[in-house]
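Submitted below is the structure of interest, expressed as structure tokens.
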Amino acid sequence: MRTLWIVAVCLIGVEGNLFQFAEMIVKMTGKEAVHSYAIYGCYCGWGGQGKPQDATDRCCFVHDCCYGTVNDCNPKMATYSYSFENGDIVCGDNNLCLKTVCECDRAAAICLGQNVNTYDKNYENYAISHCTEESEQC
């Protein structure tokens, strides 16, 4: 299932939220988003289960929780307005649903940037079958 996220990002091209989120990640972490975060830990990528493995994975867990609060639009496909100003991400949509999705992505990208030093190559391409501990609540 998580491999579908990679395919979706590639197929979306310059359209859609996943591309926008990937662009935010690159800006905030300096890492290539798909290679570094599409299949990382228990939560970075499509879906998620178990306990986040480190602070980087926790950013993705919180992002999943944030997407869970979104109503009235598909957070993985919604296209929103945003810009980069003075090293920060600024969400600029008037539509509440799109602004919420943008803010979820913004917070996750900032979190990943703040925790880039916790990134552990051992969690790249991490098998979801290792994510067996009980998940915490959002």
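Backbone N, Cα and C define each Cβ position, glycine as well.
Annotations for this protein, taken from Swiss-Prot, read as follows:
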SIGNAL    1-16  signal peptide
DISULFID  Cys42-Cys131  disulfide bond
BINDING   Tyr43, Gly45, Gly47, Asp64  Ca(2+) binding site
DISULFID  Cys44-Cys60  disulfide bond
DISULFID  Cys59-Cys111  disulfide bond
ACT_SITE  His63  active site
DISULFID  Cys65-Cys138  disulfide bond
DISULFID  Cys66-Cys104  disulfide bond
DISULFID  Cys73-Cys97  disulfide bond
DISULFID  Cys91-Cys102  disulfide bond
ACT_SITE  Asp105  active site
Give me the CA-CA distance between Cys44 (disulfide bond) and Cys97 (disulfide bond), in Å, as a whole number.
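Answer for this pair: 22 Å between alpha carbons.
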Write down the Cα-Cα distance for Cys59 (disulfide bond) and Asp105 (active site), rounded and given in Å.
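With the alpha carbons as reference points, the distance is 10 Å.
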At 10 angstroms around each C-beta, which of the disulfide-bonded residues Cys44, Cys60, Cys97, Cys104 has the fewest other C-beta atoms nearby?
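Cys97, out of the disulfide-bonded residues Cys44, Cys60, Cys97, Cys104, has the fewest neighbouring Cβ atoms within 10 Å.
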Same chain only, sequence gap of 6 or more: which residues have a CB within under 8 Å of the CB of Cys59 (disulfide bond)?
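Sequence-distant Cβ neighbours: Cys44, Ala108, Cys111, Leu112, Asn115.
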Provide, as an integer number of angstrom, the distance between the C-alpha atoms of Cys42 (disulfide bond) and Cys65 (disulfide bond).
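Distance (Cα to Cα, whole Å): 14 Å.
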Based on DSSP, name the secondary structure state of Cys91 (disulfide bond): helix, strand or coil.
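DSSP assigns Cys91 (disulfide bond) to strand.
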Between C-alpha atoms, which of these disulfide-bonded residues comes nearest to Gly47 (Ca(2+) binding site): Cys66, Cys73, Cys102?
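Its closest listed neighbour, by Cα, is Cys66.
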Which of Cys65, Cys66, Cys102, Cys131, Cys138 (the disulfide-bonded residues) has the most other Cβ atoms within 10 Å?
Cys102
Same-chain residues six or more away whose CB lies under 8 A from the CB of Cys73 (disulfide bond)?
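Listed in sequence order, they are Asn95, Cys97, Leu98, Val101.
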Round to the nearest Å and give the CA-to-CA distance linking Cys91 (disulfide bond) with Gly45 (Ca(2+) binding site).
22
Under a three-state reading of DSSP, tell me whether Cys138 (disulfide bond) is helix, strand or coil.
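In three-state terms, Cys138 (disulfide bond) counts as coil.
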